[in-house]
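Peer 1: Marked as compositional bias 'Low complexity' by Swiss-Prot: 19-28. The compositional bias 'Basic and acidic residues' annotation in Swiss-Prot covers 35-44, 112-122, 133-145. Under the heading compositional bias 'Polar residues', Swiss-Prot lists 187-207. If you look up Swiss-Prot, you'll see A2 marked as N-acetylalanine, on the strength of similarity to another entry. Residues or ranges marked as phosphoserine by Swiss-Prot: S44, S87, S89, S123, S124, S129, S132. Residues or ranges marked as phosphothreonine in Swiss-Prot: T73, T92, T96. According to Swiss-Prot, the region 'Disordered' annotation covers 1-44, 65-97, 110-146, 165-207. Taken from Swiss-Prot, the feature region 'Required for binding PPP1CC' covers 12-17, 43-55, and the record attributes it to similarity to another entry.
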Amino acid sequence: MAASTASHRPIKGILKNKSSTTSSVVSTAEQPGKSVDEELSKKSQKWDEMSILATYHPADKDYGLMKIDEPSTPYHSMVADDEDALSDSETTEALTPDILARKLTAAAAESLEPKYRVREQESSGDEDSDLSPEEREKKRQFEMKRKLHYNEGLNIKLARQLISKDLNDEEEDEEMSETAAGESMNMEESSQGSATSDQLQNKSQSS
C-alpha cells in the first residue's frame, strides 16, 4: 500500500506551481483580519537609521582628516593712492558714462606696472651695487645666455628655416640632376637621329 500511495502522490519540485500561488492569494484574500499594511510590512524591510549612523558614523570619527593650524595668508594693505579709489567705489552715487570714462582715463594714466614689482626691481638694483665690476659682467653675460637659451620661439623659427633651406637645396639638386639627365638624353637622341638621317641620305644617293 505504501508503494501505491507513493505512485499517486505527485513529486514536489523546487519551484512553486502556479496553482499553489493562486491558492495562497485566494486564502489571503479570504482572511479579513489581515490588512494591506501588514502584508507590505512582511515584504519590505525597515532600517533603523539611527543605529546605522551610530555604528558607521560616530560623532568622534575624523575620517582621516586633520585640521591645519597654520595662520592664514598675510594681508597686504593697499597703498595710499589706492585708498582714494576704494572710497570712490564705496559711494552710492550712480555711475554715468562720463564719470566712468574719467575714472578709466585716470587709471590708465597711472603706472601700468604693479607696485610690488617696482619694489622688487629696487631691491635687485641694491644687490648689483654690492658686486664688483667683474661679477656684474659675469652676471650680465649669464643673464644674456639664459635669455638666449630659454628663447624657445626663436629656436623653433631658426630650426624651421634651416629645415626648409635644406629641403629647398635638395629639391634644386634633384631638378638640376633631372635637367642634366634630360639634356644628355636629348643630345644622344639628336646624335642618333642625325646619324640615321645621314645613313638614309647615303643610301638614297648610292641607289
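In case you wondered, yes, glycine gets a Cβ from its N, Cα and C as well.
Provide an account of the burial state, proximal residues and distances for the features listed.
Peer 2: Each residue of the compositional bias 'Basic and acidic residues' (133-145) gets a DSSP state, and the totals for helix, strand and coil are 13 helix, 0 strand, 0 coil.
The Cβ of S44 (phosphoserine) lies under 8 Å from the Cβ of no residue that sits 6+ residues away along the same chain.
Secondary structure at T73 (phosphothreonine), taken from DSSP and collapsed to helix, strand or coil, is coil.
The Cβ of T96 (phosphothreonine) has 9 neighbouring Cβ atoms from other residues within 10 Å, across all protein chains displayed.
DSSP classifies S129 (phosphoserine) as helix under the three-state reduction. For S129 (phosphoserine), the number of other Cβ atoms no farther than 10 Å from its own Cβ, over all displayed protein chains, is 7.
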Peer 1: Taking Cα atoms as reference points, rank the modified residues T96, S129, S132 by distance from T73 (phosphothreonine) and give the first.
Peer 2: S129
Peer 1: What are the DSSP helix, strand and coil residue counts for the region 'Required for binding PPP1CC' (43-55)?
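Peer 2: DSSP classes over the region 'Required for binding PPP1CC' (43-55) add up to 8 helix, 0 strand, 5 coil.
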Peer 1: Provide, as an integer number of angstrom, the distance between the C-alpha atoms of S129 (phosphoserine) and T96 (phosphothreonine).
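Peer 2: Between the Cα atoms of S129 (phosphoserine) and T96 (phosphothreonine), the distance comes to 50 Å.
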